[in-house]
Structures are given as structure tokens and as C-alpha cells.
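K.L.:
Here's the feature list from TrEMBL:
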type     : residues : note
TRANSMEM : 27-53    : transmembrane segment
TRANSMEM : 96-115   : transmembrane segment
TRANSMEM : 127-147  : transmembrane segment
TRANSMEM : 159-185  : transmembrane segment
TRANSMEM : 213-231  : transmembrane segment
TRANSMEM : 302-321  : transmembrane segment
TRANSMEM : 333-352  : transmembrane segment
TRANSMEM : 364-391  : transmembrane segment
TRANSMEM : 470-489  : transmembrane segment
Amino acid sequence: MGDLNFGQTSTLRPRKDDNLPAVDRPAFFLLVLLYMLQGVPVGLAFGSVPFILKSHLSYAQVGIFSLAAYPYSLKLLWSPIIDAIFYPKLGRRRSWIIPVQLFSGLTLIFLGLRIETLLERPEENLTAITSAFFCLVFLCATQDIAVDGWALTILSPSALSFASTAQTIGINTGYFSSFTVFLAFNSPEFANKYLRKVPIDAGLVSLNGYLKFWGVMYLLITCIVMVVPEYPRHLAKYQKSGKRSTGLRAIANVYRSMFQVLKLRNVQLLILIHLVCKIGFQTNEAATNLKLLERGFLKEDLAITVLIDFPFEIIFGYYAARWSNGKSPLTPWLYGYLGRLLSAALAQFLVYNFPANGEVTKGYFVAVIMQHLLGSFMLTIQFVSICAFHTNIADPLIGGTYMTTLNTLSNFGGQWPRIIVLSMIDTFTVSTCQAPEGASPLEYGFSCVADAGKELCKALGGLCETTRDGYYYTNTVCIVLGLLIWVWLKKQVGGLQSLPISSWRVVQVCPRQK
């Protein structure tokens, strides 16, 4: 792709006031709730369930479960339907949010009744578990399309920059509730060490109970959406009037408009950036915690480590949103990129220097916490910055589809390398079962990279000895590629954020008469 002829003056909409107008606060808090609901299944599918499965499955098998997250990377395929088809009495966005959230709530309750049975034999039920969460994430992705579109019309034009703030706070709250907080309170070791006097073999919160709780919350918050008008009273003047095309014609019009947007060279460059920008930190974010557990880091200590992340994520999200709401929202994104590469390098250093005797010192524990906080902070900066940029450039006429296309490609950039990276770790790893003293070596010497091999080796009384750890090789490759990509990104990002708004729209404004 050749160099683009970028303009020199930025016309991205800056916010004139640092405070959210009082009239927009109810809509802002509703958006936070809706994004929080979206974050709950995402946190389970992207975080907790892979973490739970890893104790029974190989990295490659966990990579198969990562397919459950793919609806987030494919939702642009059906987003024009969400933009075009609706029931006028409910409104363009509520027509989808209400039924999708009702069905999501019922799905969570049903899954809560079945999940414990499925997890008793995860290898046999891997397809069923993956399919169930695939459906749940599909519903979540559909809700995301409608909520992204609603965010462009439920807030005043001067408060649009707060849409990314609502998204950051809401999704982070839901995501980390389902990932870090849930894992902590689901862990018997954490509860016994930090919260109980008499230890028992159960966590404070079970997965089935957690799923049913959020299923009920989905239903309750959907009842709130039912009584909220599509357009707040103070924004009624912005509501489009007149006849609109419906049915297949409406869908075709939205697809046609989005196709025209995708033909813009600056949009194509942004798509390419989204597809390659997350390669550098894939190994760290997919495997570091799992690798620490393999080395002997206690589950309860990891639980408290990730639990500490939670309040900081909310604080980071607030300040990152304020930092990103200027004329150059992608500048913080570049800093966050380098920070995540640094976090990946520090993670490898910590794994490599795990105490040989298996005893985690206070200094090492604090170092793990700081590495987690660094990675979380930088991820939040990038997330908020790119969301603010998407909100600024999106065309409200096809808002749900436009925002979904950009956000989907951003998600896909983090998903497509993951299954490759997890498979590379297993491929590069060399681990063999060593015979115990006095035993015949003929029965041993087989690979125990996969959990099945580890279990067989253990049953035979052998010891799995790793002579080459694929984690280090894979993480190094990712970091090097990440640095090379950053050099290219630095040249492209400045030009993208200096383009006028009109260059991101299909309908161009007529030029001024000379």
C-alpha cells in the first residue's frame, strides 16, 4: 500500500468541556450498564474459562476454545442487518438490545445449570463447551453492535467523546468481574488463605452460580431498557423523520454504504493496522499466567494479583479516557503499544527467573503485581484511545455498522494470532518423560508436552523434564515482530489522526467556491 497524501490540519472533534453535561448523565450511566453486561460473557470466554480448562487441556486444545471468541471478529458480517431492520415503536437500537439481552439472560441461566457437568470431562466435552460460549459471545457481539450505534445518538453531540469513557468503564467492569474477580473468589486456595479461618475445598463463588446470577442481572437491566426512550427528550430534534427503506432494500443500502467506506484508502490503512498491531504481545497475554502456574506460582497468589488489577483498571480507564479525548487520540495509543511490549519482555524475565526452590518471595510477588499493572494500564490506554478515535470518525448515518466494523477488526487483530501462538508454544516445547531410578527406560522417553502425556508419565512414576520451553521462543518472536511493526505504525498513525472528518465519510461535502 502506497503512502497516502495526508492533510496537515486535524478536524477530529475536540471536547470543549471536561465535564459530562448533567442532561446526559442518565444516558451515560445506562451505557455503562449495557457495556458492563457485554463484558461479562467476554471475560468468561476470553479469560476465566480458558484458565479453568488449562488445568486439564494442552495449549493447543485451549487454542481450540479460543474459537468461541470469534463472533466478535465476525460481527461486521451481520451488523448492517442490525442497522437496517427494526421495529419503529421500539426504535432502531432498542429493537435489538431488548430481545438479544433477554435471550442472553436465559442462555446464561441455562448454561449455569449445565456447566459443572460439562467441565467434569472437559476433553470429551470441549466441542460442546466451545459451542455454548460461541453462541453466548454471538449474542454479546450482536448487543455490542446495537449499543455502539445507540451511543452515537443517545448522547448530545458535545458529549460524544464520553461514549468511549462509558465503554471503557463498563466493559472493564464486566470483563474483570468475570475474569480476575471471579477467578479469585472461585479459587478455594484464595478463600482459604485470605478469607476463611476453617479451610474447605470450595471457592466462595461457583461458576454455575455466577452464570445464573448474571443471567438474572441481564433480565433486570433489560427491564430498565424497556422504559428508556430511544431518543432522550433533549435530543428529539435530532431524530430523523420521514419514510425509510425497510427489509432487504434497507439491508442492501447499509451494506452498500459500508462497502463504499471500506474502499477509502485511509480506512484500508486503519484496517491493516488493526490486523497486525497486537501480534507483539500475544504470547504474554495468552500464556504468561498459565506459565507462572506451571512453574509453581500458587493459584491463590495469582488470584490476589489479578484482583489487585481490578480497581486500578477503573481508575486507569477514567484517566486514559481524559487523555485520549484531545485532537490526537492515537498518540496515547502509540505509547500504550510500547508499554505492552515492555510488559511482555518483563513477563518473560519473571518466568525465566522464577525461584528455583519454588518459594515465591515478597519481592518476586510484588514484581508480578507490577508487571500485571503495567500491562493492564497500557492495554487500557490503547483500548480507550482507539475507541475515542472510532467514535470521532464514525458516520452516525450507519453508526452501528461503522463502529462495529472498526471494533470488529480491532478484536480480530487480537484473535487470529492467538491460536497460532498457543500452538507454537507446544510445537517449540521439548518435554520428555524420564524413567525413575531402577526402572526400565523402554517404557519412557515419550513426549509429555500435552496433558495426556503428563498424566501417563505421572501414572508410570516418571518425571516430565522440559529441555526446551516454547514459551520463551514464541514470546521473543512476537516481541521482535512487535518492535518492527511499531516502527511502521509510528509513520502511519500521525497521518491518520490528522485527516479531516470528511475523509472518513462516503458523502463528501461540496468544496468551497474559490
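The backbone N, Cα and C atoms fix where each Cβ goes, glycine too.
Automated prediction, rather than curation, is the source of TrEMBL annotations.
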K.L.:
Are there residues at least 6 beyond the ends of the transmembrane segment (364-391) whose Cβ is under 8 Å from a Cβ of it, and what are they?
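P.N.:
For the transmembrane segment (364-391), the nonlocal Cβ contacts are 12, 151-152, 160-161, 163-165, 167-168, 172, 281, 284-285, 292, 297, 301, 305-306, 308-309, 312-313, 316-317, 320-321, 323-325, 329-333, 335-340, 342-344, 346-347, 350, 353-355, 403, 406-407, 410, 497.
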K.L.:
So which residues does the transmembrane segment (159-185) touch in its own chain, when a touch means Cβ under 8 Å and the partner is 6 or more beyond its ends?
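P.N.:
Those are 13, 15, 20-21, 24, 28, 31-44, 46-48, 51, 151-152, 191, 203-205, 207, 210, 214, 302-304, 306-307, 309-310, 313-314, 317-318, 320-321, 324-325, 380, 383-384, 387-388, 390-392, in sequence order.
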K.L.:
In the same chain, who gets a Cβ under 8 Å from the transmembrane segment (127-147) while lying at least 6 residues past its ends?
P.N.:
31, 34-35, 37-38, 41-42, 44-45, 49, 53, 64-65, 67-72, 74-75, 78-79, 82-83, 93, 96-97, 100-101, 103-104, 107-108, 111, 114-115, 118-119, 400-401, 403-404, 407
K.L.:
Sequence-remote contacts (6 or more beyond its ends) of the transmembrane segment (96-115), Cβ cut-off under 8 Å?
P.N.:
34, 37, 41, 82, 86, 90, 132, 135-136, 139-140, 142-143, 145-147, 150, 207-212, 214-219, 221-222, 225-226
